[in-house]
Amino acid sequence: MQIRDAIITVTNRTDLSQDDAAAVMEQMMNGEATPAQIAALLTALHFKGETDAEIAGMAQVMRAKSLAVPHDGGVVDTCGTGGDHSNTFNISTTAAFVAAGAGATVAKHGNRAMSSKCGSADVLEGLGVNIELDAEGVARCLRQAGIGFMFAPKFHPAMRYAGPVRREIGIRTIFNVLGPLTNPARAEYQVIGVANAGLAEKLANALSKMGIRRALVVHGSDGLDEISISASTLVFDVRAGATPQASTISPSDFGLSLAPREAIAGGSVEENVAMTKAILEGSDTGPRRDIVLLNAAAALVACERADSFGEALRQAQQAIDTGSANQRMQRMIEASNG
């Protein structure tokens, strides 16, 4: 399908097939579509509403065109789609260190702040991590530290055609949800946080269509794009080719107390760096630690290092209490600057 035909199809509120969405994405990524055509299609998809098949088709192409990171397999990514405007501290980034401390290999894919003051790239840079690594540099971090970071702008050169357009039109587009699905390390396991319940189900179905080995797509009922400490969380358990299974979990299921959203609020880069350090060093034992434990546990379940959330939570607690999580952070800083 040509992009002009796709624009007409979507404007008529007809969905694209996964193959047609992929074909159109190829044209956008290869520079075969004009800026006007890209803007028209993105806007039409926005108002029609993107389907899981459209998301899967476009994500497969975008991921295939990213700069691949070599590794030995079995890596997990933890990230959110953003857009919850919650201004929390960097939960998934801190949880990534804890998951690594518990033995997972974490290939984190992220960017600078979108809906908060401090994104994953910002806090990692503040901690002393070199975020400007190429694929081999990230691979070195994975080998030496068990955790690496792929700064999205460096790994998606094909976005040079669509990137300026999506910024200029100024609305949320399908690209806002493609990021977590396009990990350059081709992560076999994922935890993806989503601020909208309907979108969570779409992403779960898209991941299944893309053949993910296992993923958890989570949505806090308070609107958080993480597993929440302030409310229950909707969890879609995704396995390749299978219908995602939905369930609900609550902090109380694991003996953790509910806490108000203000208790996990973030601040400036410097403040968020201090919060991450306090959790990993073991000096913060309050709600911030608890929400990190829950989200690290999700990563351990997703990458099948634990059979249950309860077991995963114990592994996450041990990773902090033994100093292993903090050690992973220090190793990542060293490896990224090596």
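Cβ atoms here come from the backbone N, Cα and C positions, even for glycine.
What Swiss-Prot says about this protein:
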type	residues	note
BINDING	G80, 83-84, T88, 90-93, 108-116, S120	5-phospho-alpha-D-ribose 1-diphosphate binding site
BINDING	G80, N111	anthranilate 1 binding site
BINDING	S92, E226	Mg(2+) 1 binding site
BINDING	R166	anthranilate 2 binding site
BINDING	D225, E226	Mg(2+) 2 binding site
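Across the structure, E226 (Mg(2+) 1 binding site) and G80 (5-phospho-alpha-D-ribose 1-diphosphate binding site) place their CA atoms 7 angstrom apart. According to DSSP, the residue listed as 'anthranilate 2 binding site' is assigned to a helical segment. Summarising the environment of D225 (Mg(2+) 2 binding site), the number of other Cβ atoms within 10 Å of its Cβ, over all protein chains shown, is 28. A separation of roughly 19 Å, to the nearest angstrom, links the Cα atoms of G80 (5-phospho-alpha-D-ribose 1-diphosphate binding site) and R166 (anthranilate 2 binding site).
Comparing the Cα of T88 (5-phospho-alpha-D-ribose 1-diphosphate binding site) with the Cα of every entry in N111, R166, D225, these being the binding-site residues, the smallest distance points to D225.
If you take the C-beta of S92 (5-phospho-alpha-D-ribose 1-diphosphate binding site) and look for same-chain residues 6 or more apart in sequence within under 8 angstroms, you find T78, C79, G80, S120, V191, G193, E226, N295.
The C-beta environment of H109 (5-phospho-alpha-D-ribose 1-diphosphate binding site), restricted to residues of the same chain at least 6 apart in sequence and closer than 8 Å, consists of D77, C79, F149, M150, A152, F155, G179, P180, T182, N183, P184, A185, A187.
For R166 (anthranilate 2 binding site), the same-chain residues that are 6 or more apart in sequence and have a Cβ closer than 8 Å to its Cβ are L42, T173, F175. Spacing of N111 (anthranilate 1 binding site) relative to D225 (Mg(2+) 2 binding site) is 16 Å (Cα to Cα, whole number). A strand conformation is recorded for H109 (5-phospho-alpha-D-ribose 1-diphosphate binding site) in the three-state DSSP classification.
Between the C-alpha atoms of R112 (5-phospho-alpha-D-ribose 1-diphosphate binding site) and D225 (Mg(2+) 2 binding site), the distance comes to 16 Å. The Cβ of T88 (5-phospho-alpha-D-ribose 1-diphosphate binding site) has 24 other Cβ atoms within 10 Å, all protein chains considered. In the three-state DSSP scheme, E226 (Mg(2+) 1 binding site) is classed as coil.
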